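This report refers to the structure that appears directly beneath it.
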Amino acid sequence: HLTIVVFDSWGKFQSGLFERNVVNVGSFTECIEFRHRTEPNNGIIQGQYCLVGFKALNSSYHKNSSSVFDWREIGDFVGKQNLSIITGFCLPASCSEKKVVQFLNEFLPTTNLNATKAQCQTNDPKPTTSLDVFAKSFFNFYGVILIASTIYDVLKRKRNQDPNALLAAFSIYTNGKQLFNTSEDNMKSLSGIRFFSLLWIIFGHRVFFQMQFPISNFPQLIRESDMSVTIFTSFNLAVDTFFVMGALLATMSCLSAFDCQKFSARRMILHRYIRYTPCVTALLLYVLSIWKFQFEGPFSNDDSIVACQNYWWSTLLHIQNYVNGHQLCLGISWYLSADFQLYLLPPAIIYPAWRWGWKHLWIPVLLAIFCCAYIFGMFFVTRDPGLDFIAVYLPTHARMGPWMVGIILGFIIHRYRGKNLKFGRWTNIIGWFAALLTITAILIAGVIPINSKVVDASLLAFRRLAWAIALAWIIFACQILKTGGIIRWLLSLRQWQPIARMSLSIFLYHTLYQATLLFNSKDVVTLEEPFIRQNVNGDILGSFMGGVVLYLSFERPFQLIEKYFYNLRNNKKVDANATSE
């Protein structure tokens with residue numbers, strides 16, 4: 001009976017091998033929960049789950065003509081297709097990973113397969129380190145601060161007294177009211193764009209991350225070119241959308257400071273650092289300590305934790321995209337690195353145009369052209385995926401094209417905001433038609449096979465810039481021209497404001513939430529639209545809930561603390577009821 005239980009938990013030879021269904025995990029839970037007490041004083045046999053990778057042997061074979069099927073044909077096929085078969089085995093916990101590989105290879109020559117690597121785990125409690133103890137103590141103490149600040153704030157308001165802004169900075173009550181407050185906003189359309197961009201990113205990362213884990217219908221996904229695949233293949237353009245909006249707001253802030261003769265580079269840099277770093281620090285501490293206790297499954301690994309152990313410092317300095325692009329900590333935070341670095345550019349780039357006029361906008365135009373030329377050159381020389389990510393996707397100089405568009409847009413909106421600027425009817429129609437046509441063409445081009453190296457490199461080089469220009473027209477038309485009809489109405493709904501306000505927290509948290517779910521998965525899945533819709537809906541809800549917690553706990557309080565000390569330094573009255581961002 002015990003032998004049957006162990007064998008039952010093994011992954012058997014999988015069906016659909018010719019369709020690249022190369023993973024069979026067996027029963028993870030049945031294996032790690034297995035225990036058998038041997039004869040007295042001989043101890044307990046504990047189950048150990050091992051996920052083992054197999055490659056084909058290079059040796060040739062001659063098929064036995066009297067046999068209907070020769071198992072070595074499988075190994076031959078695996079070798080010709082350069083596949084790796086992954087199977088789950090249940091073996092005694094006393095076996096090391098090296099012994100597991102040796103043991104399996106003793107029984108595999110007849111299949112023409114060779115075990116190459118084993119990744120084993122038991123359900124023994126994970127060891128608790130001093131960092132784990134510190135993290136739990138810190139988060140518990142931080143929770144006490146939130147509760148105490150909230151109680152203080154509520155009691156003060158109940159007595160019709162103004163609370164001290166610093167002591168009430170952590171108040172969940174006031175910060176929650178501010179979060180869900182919907183009011184008139186001069187840049188209303190940006191809230192809608194942020195909301196839909198977040199949904200796109202969450203959807204794209206769900207599909208992308210799921211495809212890094214075993215799925216049973218990969219060839220079917222490759223063959224299909226429906227709209228969901230089209231949207232998925234281009235979801236990273238949503239990041240360029242955030243670059244445009246970030247540059248727009250940063251530029252307008254700089255220009256307003258120039259107008260008032262109150263620009264401070266130190267204040268600007270400190271503001272951005274405080275805007276990002278508290279949330280990143282909280283998530284970094286969580287990943288380095290508590291996170292490993294939140295998942296258990298055949299596909300779980302500690303690569304993300306190791307990356308944070310090695311590169312926590314570059315994460316906090318926001319230089320990951322140049323220092324450790326090959327091993328990102330909090331993978332999505334590469335965006336913060338690029339955005340923080342780009343945030344330093346607007347004062348120097350836009351000052352000549354503010355001081356001497358429009359003709360000096362050639363600086364961001366030239367930088368955008370340089371960005372496209374760099375991408376074209378890199379893609380034209382090589383299409384190595386690893387190089388694409390390190391040399392083209394992550395670096396700031398490769399991502400600054402949309403940011404330059406945002407700088408120009410910010411300058412234009414600053415000049416014309418509040419003025420009754422009107423374009424002719426046909427000019428508006430042509431502008432909207434060109435913008436929507438450009439967006440549609442970029443999405444469709446993402447799934448069309450291109451055989452020309454020059455065309456392919458050109459598309460990859462200019463698609464981000466074209467996307468940014470089309471988006472810039474939409475923002476300009478909605479904000480200044482007041483055109484766009486139903487699109488402007490949809491993007492300007494007040495309901496998007498709370499989501500837009502905590503978009504940074506949602507953005508940072510959603511991949512951690514998705515990774516936790518995937519690391520807890522116990523079997524291969526079939527990636528079809530109903531499955532995707534169900535999981536994306538769960539991701540959206542879970543990410544938004546986590547975003548609320550992160551925003552109220554870390555993002556908003558430190559914004560208020562920064563504002564408190566800035567106003568204190570300038571002898572201004574500090575208002576605990578302030579809702580400005």
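Glycine is treated like the rest: Cβ placed from N, Cα and C.
All annotation found in TrEMBL is predicted automatically rather than curated by experts.
Here the structure is a predicted model, which means the values were calculated and not measured.
Per TrEMBL, the features are as follows:
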type     : residues : note
DOMAIN   : 2-122    : domain 'Nose resistant-to-fluoxetine protein N-terminal'
TRANSMEM : 138-155  : transmembrane segment
TRANSMEM : 192-209  : transmembrane segment
TRANSMEM : 229-252  : transmembrane segment
TRANSMEM : 273-291  : transmembrane segment
TRANSMEM : 332-354  : transmembrane segment
TRANSMEM : 361-380  : transmembrane segment
TRANSMEM : 400-417  : transmembrane segment
TRANSMEM : 429-450  : transmembrane segment
TRANSMEM : 465-487  : transmembrane segment
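Same-chain residues lying 6+ beyond the ends of the transmembrane segment (465-487) with a Cβ under 8 Å from its Cβ atoms: 186-190, 193, 237, 240-241, 243-245, 248, 368, 371-372, 401-402, 405-406, 408-409, 412-413, 416-417, 421-423, 428, 431-432, 434-436, 438-439, 442. Averaged across the domain 'Nose resistant-to-fluoxetine protein N-terminal' (2-122), the predicted model reaches a pLDDT of 76. Taking every listed stretch (138-155, 229-252, 273-291, 332-354) in turn, the largest tally of C-beta pairs under 8 A with the transmembrane segment (192-209) is reached by 229-252. Between the transmembrane segment (400-417) and the transmembrane segment (332-354) there are 3 or more Cβ pairs closer than 8 Å, counting only residues 6 or more apart in sequence, so the two stretches are in contact. Within the chain carrying the transmembrane segment (361-380), a Cβ under 8 angstroms from the stretch's Cβ atoms is held by residues 349-350, 352-353, 387-388, 391-392, 397-401, 404-405, 407-408, 411, 453-454, 456-458, 460-462, 464-465, all 6 or more beyond its ends.
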